[in-house]
Amino acid sequence: MQSGTHWRVLGLCLLSVGVWGQDGNEEMGGITQTPYKVSISGTTVILTCPQYPGSEILWQHNDKNIGGDEDDKNIGSDEDHLSLKEFSELEQSGYYVCYPRGSKPEDANFYLYLRARVCENCMEMDVMSVATIVIVDICITGGLLLLVYYWSKNRKAKAKPVTRGAGAGGRQRGQNKERPPPVPNPDYEPIRKGQRDLYSGLNQRRI
């Protein structure tokens, strides 16, 4: 790498993909952004070289040539695309660079630092989509909590016993069972005077 080079950072925050560019020309007064394109579909990551149109593109990963016939069948290159099938975050994360055949990787203007997490059923989403899902989930959860609260409150109110006053002509059933029947009553028949039983002489004055 030459002195006076510039590093720049681009991010794909949800996919944890960072891009650093390197400018190899000291005479350039400004910095031009030509980022690598990264697309993820399931467990496949596809990189697109930002420069050298019409040239045969070669790729390196951590200073090692990749994308040739001798490489793994899960890694392949087609024109300016590099396909990484069954991407592994531990083994395939790192620096990537593309350059035309006949030149050196050190002469490339941009490098890519790639770190991505993939899964078979993953779906790429932007920040607004994630925020919308979170807000909707909070609203639905809050609505369900309110419904449960008011339902339990109404159920408790209906479960309270309702008693009628004496003016309405009724008493509670519990009181009717505990209180004895009024006197006089056939259940309390007086002792006959003609019989001399054990209790025949009790309370004769009142009888």
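Cβ atoms are placed via backbone N, Cα and C, with glycine included.
Source: prediction; values computed, not measured.
Copied from Swiss-Prot, the annotated features are:
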type	residues	note
SIGNAL	1-22	signal peptide
TOPO_DOM	23-126	topological domain 'Extracellular'
DOMAIN	32-112	domain 'Ig-like'
DISULFID	Cys49-Cys98	disulfide bond
TRANSMEM	127-152	transmembrane segment
TOPO_DOM	153-207	topological domain 'Cytoplasmic'
REGION	161-207	region 'Disordered'
REGION	175-192	region 'NUMB-binding region'
REGION	179-186	region 'Proline-rich sequence'
MOD_RES	Tyr188	phosphotyrosine
MOD_RES	Tyr199	phosphotyrosine
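As a summary of secondary structure, the topological domain 'Extracellular' (23-126) carries 7 helix, 37 strand, 60 coil according to DSSP. The number of other CB atoms found within 10 A of the CB of Cys98 (disulfide bond), across every protein chain shown, is 26. Mean per-residue pLDDT, taken over the region 'NUMB-binding region' (175-192), amounts to 61.
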